[in-house]
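K.L.:
If you scroll down you'll find the structure; I have some questions about it.
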Protein chains: 2
Amino acid sequence: MTPPPSSSSTSADAAVTGTPEPVDAPAGTTAPDDSTLPKKWSRIMIPFVRPSIEGGIWPIKRSVDESVDVRAGVVVDSHEAIEVELVVTDPEGETTIHRMTPEENDEYSGRFEVTELGRYAYTVRAWLNRFATWQDQFRRRVAGGEPHEELESELQAGVDLVRAAMENADGTDAKKLKADLEAFEAGDEEAAMGEGIAARVRRNAPHDMMVESQTYEVIVDPKIARSGAWYEFFPRSTRDDGKHGTLDDAAERLEGIRDMGFDVVYLPPIHPIGVQHRKGKDNAPTAEPGDPGSPWAIGGLLEDGTKGGHKSVHPDLGGMEAFDRFVEKAEDVGLKVAIDIAFQTSPDHPYVEDHPEWFHHRPDGSIRYAENPPKKYQDVYPINFENEDWPALWTELQDVFQFWIDRGVTIFRVDNPHTKPFAFWEWCLAELRKDTPELIVLSEAFTKPKTMYGLAKLGFNNSYTYFTWRNTKDELTGYAKELFHTDVAEYFRPNFWPNTPDILHDFLVHGGRAAHQLRFVLAATLSSAYGVYGPPYEHVFNHQHPDREEYAKNEKYEIRTWNWDDPMSLQDFMGRVNAIRKDNPALQQMRSIRFHETKNPNLIAYSKKSGDNLIVVVVNLDPHNPQEGQLDLDNGALGLPHDDAFIANDLLNDTRYTWRGQHHYVRLSPDRPAHIFRLEQEGQEHEVFERPVHD
Amino acid sequence: MTPPPSSSSTSADAAVTGTPEPVDAPAGTTAPDDSTLPKKWSRIMIPFVRPSIEGGIWPIKRSVDESVDVRAGVVVDSHEAIEVELVVTDPEGETTIHRMTPEENDEYSGRFEVTELGRYAYTVRAWLNRFATWQDQFRRRVAGGEPHEELESELQAGVDLVRAAMENADGTDAKKLKADLEAFEAGDEEAAMGEGIAARVRRNAPHDMMVESQTYEVIVDPKIARSGAWYEFFPRSTRDDGKHGTLDDAAERLEGIRDMGFDVVYLPPIHPIGVQHRKGKDNAPTAEPGDPGSPWAIGGLLEDGTKGGHKSVHPDLGGMEAFDRFVEKAEDVGLKVAIDIAFQTSPDHPYVEDHPEWFHHRPDGSIRYAENPPKKYQDVYPINFENEDWPALWTELQDVFQFWIDRGVTIFRVDNPHTKPFAFWEWCLAELRKDTPELIVLSEAFTKPKTMYGLAKLGFNNSYTYFTWRNTKDELTGYAKELFHTDVAEYFRPNFWPNTPDILHDFLVHGGRAAHQLRFVLAATLSSAYGVYGPPYEHVFNHQHPDREEYAKNEKYEIRTWNWDDPMSLQDFMGRVNAIRKDNPALQQMRSIRFHETKNPNLIAYSKKSGDNLIVVVVNLDPHNPQEGQLDLDNGALGLPHDDAFIANDLLNDTRYTWRGQHHYVRLSPDRPAHIFRLEQEGQEHEVFERPVHD
């Protein structure tokens, strides 16, 4: 579990002035014990530090090689000079100190790079730089023409400050400060005013009246948490002959998926499937003989007659050995494997027999199946996380993750986390990360925004979103701004999916191929993490269930065959988009996104920028008609020339345009639903963009 | 001093899920001591509570009879019903519990009134209402037509919940719950579904899985802290004959000031004035014989030959007895007295002799006068708050306040608080408020915004502002929005001054009488707390010092005479404005302010609303020319009829207009620079507005 990181002390003897802990007591007398006077106090306030989530209760998130830009407001009474420093502790406990830069309005800025997985901590501290104050006043005395004898006396006032620094110093600084001191004592005004001595004293001065902000944390995830492209498929639907595919059959698909440019293959649950109350095709209440059942009805018979649950592999998928081979093959071709964690059971799960107390019970003692009255789901038993034996249950469920981590899986998609206690996830994920900081956990919570954001705060580092239902320009723009331009961006990593086995939106049903293409471009470029439920998407299979916004002939309940070599598929298109993502750091991060006017509500346009890499995406949201408009760019903000020409290189359609100024005609049609422009200036076209990305 | 109010616990055995303290351990087994499992946990998260300043480090402010509208986001996993409650503790330690109302997007709202001076605390807590969850499901089962025998079994599941509530209940609830239980056991479905039983169970149910937010605080000040009208004058400048006035002379002015409608008379420092290095007229470096000196050069000879400082009254003002008579007279006429606290001394102050260690010293051992090199202020010694004997110093300075509190003064204007340690104020003001919760302390810090706001956070409950320099419509609108529409409004109470003895803005110099009138209306109606340095203002004396933006013949350095009976003075005008303020609760609060379009940059218009009391102020910002425009009102938002006529009653100019619709022609000229309309609907004109104000 994660107690709030070093939250404010309530020690009754510190006058806090906005910061929990003045570090030093003031010089001289200590306040008597029986007085109300503060034992420690400072003249400095640090009113707020950003980024921080709810005052630092929750850590922010970054991925490896990103930076954290810290801002703090710091004030001191009177006109004293202060030093403001950013103290950063890396996951190994190594501490570095960065001097912060004064900005407007008493704000200070500092930056650190996060290069290791795990938890970093950052604190802002500030102390009085008495020598700088003295030096400023002394310079003004000299400029104001004070008489020599007065200056000499003031010079002596600096001696103590230099001596104090000298006593702390060693090496070159100590030697030079000794010389400084001698110059001072000899009345050398010039020496006293220099920048060199200021730096030497600053480096070694006692940190007078220092205060520290509370400590904030950042969890650093693998880069793929930020920029992963996910591909979901059912491993049993990978044969041509309609038979149940194994993980070895599925492994045959890995090179194709890699060639499409994906990073992660995500498999629905791979465990044995319950037989009791098994659902039939299209979620029919009763299965016909031969129906394979839903993989989310977890737990059933193994080949050896025993029961298997969350730590076993369906015999028809080839068992654990086939899984190990699948993971190995994936690694060989350069893909990560993600599996599904759904904490619920079929009536055939071994937990039911071994731990009946882990479930809900009806008054007659029978185990409660899942219900949303009057609907009943007899094939699924929810787990009772509050049962009297909860410590054993929680420990076992955490061990489910650990079991698969030990088999090489570090990416998980968690089914319905919002129906399990928040406290469970907070504890479980924090514990797992202690040994597995590379853990990626995708929250499948299509629920209330505060719950979705809450799960992200307490440990999920990828999250499904409402993107699937956001189709108009206003909807997309508003949602993107909420996700990428508010504090949400500090802890919630949206993973955009245009479809899932549970969701086939009307837009895809009615918009056909063009809709599939344009929604794919949006998913892959609005967020930097995205995924697609691949087979029906790439084959533009969009038959909807008559009653529900989901696929007909749903693979959740039956085995399908797909023509992987169909020349009409979107595989090449998807591959092209992913290649562009890989080549352009601007598309591997989220927060720089900026929306641009197009003068047409059907044309959405946005840019992303990372270093010199500047991408502008224009998408026609109308899958039925051509649309034209005028793209307005803010050349100043984007770093584009105001008068000179620049190149708009459409990486998707291999076309180069020469643009000038801020207004550009754009036209897109259903057979070409998007531009992904790289804007290039003279001589920049052939650069390779491999600089680190600052999100 | 004020440690952060009950800030987050770091106890390592609580899984916090967004709240510091799950209150109950879950039922059943406790996690073993050697496990990482949380000892206490909940299924509920309380992500954030507002109002709160920087996560609750600082209290918010209210005044007596205002309300606090609390909002909290609360989420629970799954679809459990929750109860969300606002727990309020008043200054006497009495606790009340208010049920919070669900709003959109998992927000809950609650309100409490603050009726006593001092510190209130508020906490949001939430717990599982298992009976409501059960009842919701049961109703759906009945509606879904479940067979009777299944319903009967489900009914039994409710029995335990009712019994648990019954065991907690007493009185009528206990009796009724017993009957409920019997009906349940008899299988009475109707009884189980009622609202009555729901309320009885809710009132008495165990608070399952309860979590509490951290505790936030609100400091409740006297109403006058919010809506005081201050009048500053120099008591020595109250005679007709040019001689040094006494506090008895000054007391003669009190009835006139009361008649002008002011609430507070504020006196510059009343202490003996130093003789050494005394400044002459208009801040001349050397005083001529007879020059009275600046009251801010505190400390000098008393009549008995001893020295007097911050706890004494200038002999020429009549000494302490005259002060006591002044305070008594003020009380009699209905005015509060505010005095000036300036923690600095003249070289003649008794502290200099008695506690030389309380000052800064030069290397030669002499006491440092105030300097801002190359400028020198030999007449003033700043106090060294960091000296080795600081506990004695701080205690003495706190006792200065206590001395005057003991003489009946509870309102102080503090000179330059930003040049003293923040920690001193935090400690000093919190300590004083323990016995004197009615304390009002006006911060005279014209400095960096973060410092001004910081001083307000740590205890100042009135603050000077930049209003004095905000003259254009954009400047005034932008500044008002920062002060009244952001979090700043929760802790910073702006006191608007159009002038002070230190500041005579060019706008008043060049704009003459009209400028004085319009700036007075702005000060008195934009903020609800305001003040004026009266004598030169009411006499439109606006001669500026040749080098500085301050008054010529400055009363800080010389005695002036004023014709208190001048018929050309603004006394009647000021009295009229103050009377309108007193009659209209809308003008006694700040946060409801709303700006309205006028289609003329010289006409500013804004409304304030409290209950049915709706005021619209229109001010011509051009003191030289008439200006006309179109006032656009948002009738829906203001509660005005869309079609029917209503009355715009100009309370300032005694004119009534019949208005209809949203657009209204307005014209103002230098001889009539402002309207203060009360918008009245049919039959409302003669209402007396005495309902409580919710700021």
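Placement of Cβ uses the backbone N, Cα and C atoms for every residue, glycine included.
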K.L.:
If TrEMBL says B:Lys279, B:Gln344, B:Asn416, B:Lys556, B:Tyr557 bind alpha-maltose 1-phosphate, which of B:Asp241, B:Asp248, B:Asp379 does it name for the same site?
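P.N.:
Matched candidate out of B:Asp241, B:Asp248, B:Asp379, per TrEMBL for alpha-maltose 1-phosphate with B:Lys279, B:Gln344, B:Asn416, B:Lys556, B:Tyr557: B:Asp379.
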K.L.:
Mind giving me a neighbour count for B:Gln344 (alpha-maltose 1-phosphate binding site)? Other Cβ atoms within 10 Å of its Cβ, every protein chain shown.
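P.N.:
Result for B:Gln344 (alpha-maltose 1-phosphate binding site): 21 neighbouring Cβ atoms inside 10 Å.
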K.L.:
Using only the Cα atoms of B:Lys279, B:Gln344, B:Asp379, B:Asn416, B:Lys556, B:Tyr557, which the record gives as binding alpha-maltose 1-phosphate, return the largest interatomic distance in Å, rounded to a whole number.
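P.N.:
Spelled out: the longest distance between any two Cα atoms in B:Lys279, B:Gln344, B:Asp379, B:Asn416, B:Lys556, B:Tyr557 is 19 Å.
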K.L.:
Return the member of B:Lys279, B:Asp415, B:Tyr557 nearest to B:Glu444 (active site, proton donor) in space, with distance defined Cα to Cα and candidates limited to these recorded positions.
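P.N.:
In terms of Cα distance, B:Glu444 (active site, proton donor) lies closest to B:Asp415.
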K.L.:
Name the secondary structure element type, per DSSP in three states, that contains B:Glu444 (active site, proton donor).
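P.N.:
Strand, per DSSP.
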K.L.:
Measuring CA to CA, name the entry from the recorded positions B:Asp379, B:Asp502, B:Lys556 that ends up nearest B:Asp415 (active site, nucleophile).
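P.N.:
So, of the listed recorded positions, the one sitting closest to B:Asp415 (active site, nucleophile) is B:Asp502.
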K.L.:
DSSP says what for the region 'Disordered' (B:276-313): how many helix, strand, coil residues?
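P.N.:
Taking each residue of the region 'Disordered' (B:276-313) in turn, the totals are 3 helix, 5 strand, 30 coil.
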K.L.:
Output the one of B:Asp379, B:Asp415 that, of all these recorded positions, has the highest number of other Cβ atoms within 10 Å of its Cβ.
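P.N.:
The largest 10 Å Cβ neighbour count belongs to B:Asp379.
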K.L.:
By the count of other Cβ atoms within 10 Å, pick out the sparsest of the recorded positions B:Glu444, B:Asp502.
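P.N.:
Across B:Glu444, B:Asp502, these recorded positions, the one with fewest Cβ atoms within 10 Å is B:Asp502.
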K.L.:
Sorted by position, what residues of the same chain at least six away from B:Tyr557 (alpha-maltose 1-phosphate binding site) have a C-beta under 8 A from it?
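P.N.:
For B:Tyr557 (alpha-maltose 1-phosphate binding site), the qualifying residues are B:Lys279, B:Gly280, B:Lys281, B:Asp282, B:Asn283, B:Ala284, B:Asp291, B:Pro292, B:Gly293, B:Ser294.
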K.L.:
Around B:Asp502 (site 'Transition state stabilizer'), which of the listed binding-site residues (B:Gln344, B:Asp379, B:Asn416, B:Lys556) come within 10 Å, judging by Cα atoms?
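P.N.:
If one measures from the Cα of B:Asp502 (site 'Transition state stabilizer'), the binding-site residues that come within 10 Å are B:Lys556.
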K.L.:
Which one of these binding-site residues, B:Lys279, B:Lys556, has the sparsest Cβ neighbourhood, judged by other Cβ atoms within 10 angstroms?
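P.N.:
B:Lys556, out of the binding-site residues B:Lys279, B:Lys556, has the fewest neighbouring Cβ atoms within 10 Å.
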